[in-house]
Amino acid sequence: MAMSTHIVNGVNASDDASAQVCSAYDNEGGCTQDNDVESACADKDEKCATYVEEGACAANPGYMTHSCAASCNTCNAVIEAAKGAVARPCTDDDYRCLEWAGMGECDNNPGNQFGIEQHLSQNDSERKITEARLAESIKYMNTVWTDEEYKSIRHKCRNQHKDCTLWAASGECEKNPTYMHLNCAPACSTCDKLDIRHRCPIKPGNEVIWKAGDLNTLMERIVDDADGSGDYKRYNPTALSRPILKRDGSPAPGVEKDGPWVVVLENFVTAEEADRLVEIGKTQGYQRSADVGKEKPDGSHESKVSDSRTSHNTWCKEGCFDDPLVAPVVDRIANTTGTQVKNSEYLQLLQYEPGQYYRQHHDYIQHHKEKPCGVRILTFFIYLNDVEEDGGGGTHFPLLNITVQPKKGNAVLWPSVKDEAPEDKDGRTDHEALPVLKGFKYGANAWIHNRDYKEAYKIGCQ
Ligand SMILES: O=C(O)CCC(=O)C(=O)O
Ligand SMILES: [Fe+2]
């Protein structure tokens, strides 16, 4: 079923009976083409006669009254509409609309709607600029509905507020783009921004923090204390896996097998800090964990609950990250990894009940590569309670044959990317959270990104 997309007739308000209908506007909202009442009342659809025979004047007055005013004898209604202070804001574009609506086509084929009916101000100058903007929107939406380029987002391109067009006419698309581009996309002519791939470009200045070699430099500094400062000594760092050769080409002492970095830091958080994170998690309430799901047509991703991950989690955002016992932990993670707080996702607080687990997976998310947050480069995982040796719940790296047992306050960190190509996944750090067999397990994930995550999150581009 083909539907055209003509949506709104702009009507020039006038107080007297010799109302004029404006059919075109200039940039300032002035009417460039005044037609007299006679032409306003003329039939505008060459099939009017046929429709009338089919009884459409009565069956579908929404379309016929205005489009076949002569044949339906509804000239007065057109003049009244033109006289009224509010323009006829939205009309059906085909006399069969009513019939189609009855068949459920508004839901099945919501093509010719572009959102909430737009309010035209009573104030003359506002009204003029709004009408001019409306005329632009109509033109633009015709393109959106015909051009292949907009196929994936055209159904989502709607004005979500009655004042979108007035706001757009007053410069709000430029002043307040985050809200306007999404919620008033027809008014701002920004339907393309509904596609996350267009809305979220990587802007100049948002640089990656790791170049080739930076991963090994950091990890050698942590584990070998190569800078001699002793800063990391207090965590008694242990590399459970590491590259067989150091950056200077010398063999890493005691290392027999080449591998990615997996490093344990002891007592990274105090017992008090760990308890506070668990307490905040409980107060906020843990929800069933979800994974990244399928890509949606607009380029964003579904989140999906699946059997591969049965834990519960909550996020440490407002009211948590600024807690006096939490803020130092967040800062410490950034300092220890030579990154900045803005590179890290908000802490994810995890709870595993007996029997719960997270099957083998990788923390690297491919689609982040083209996003302003960049890819996850490091996972910094903190254990917030002890789980007994025979209590399960270990973090297991199946490709490396390593299991780290949860110990309150300890952290384990590993890269998601390769040292020589820090945007690319290092598949060797696949891991799983083994089922907890006894008691509960609590933990906190900090996923550190190669670009500014917090800014990307703020604008919905993560
Ligand atoms: O709970 C663990 O030991 C690891 C959790 C994990 O891998 C994750 O949440 O991505
Ligand atoms: Fe993970």
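Just so you know, the numbers here start at 1 and follow the chain as drawn.
Note that Cβ sites are derived from N, Cα and C of the backbone, with glycine treated the same way.
Per TrEMBL, the features are as follows:
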- 41-75: domain 'ShKT' (DOMAIN)
- 157-191: domain 'ShKT' (DOMAIN)
- 287-311: region 'Disordered' (REGION)
- 291-310: compositional bias 'Basic and acidic residues' (COMPBIAS)
- 343-450: domain 'Fe2OG dioxygenase' (DOMAIN)
(request) Please list, for the domain 'ShKT' (157-191), how many residues fall into helix, strand and coil according to DSSP. (result) 22 helix, 2 strand, 11 coil
(request) Count the residues of the domain 'Fe2OG dioxygenase' (343-450) that DSSP assigns to helix (H, G, I), to strand (E, B) and to coil, and report the three numbers in that order. (result) 12 helix, 46 strand, 50 coil
(request) Please work out the helix, strand and coil residue numbers for the domain 'ShKT' (41-75) from the DSSP assignment. (result) 23 helix, 2 strand, 10 coil
(request) Over the span of the region 'Disordered' (287-311), count residues by DSSP class, listing helix, strand and coil in order. (result) 0 helix, 12 strand, 13 coil
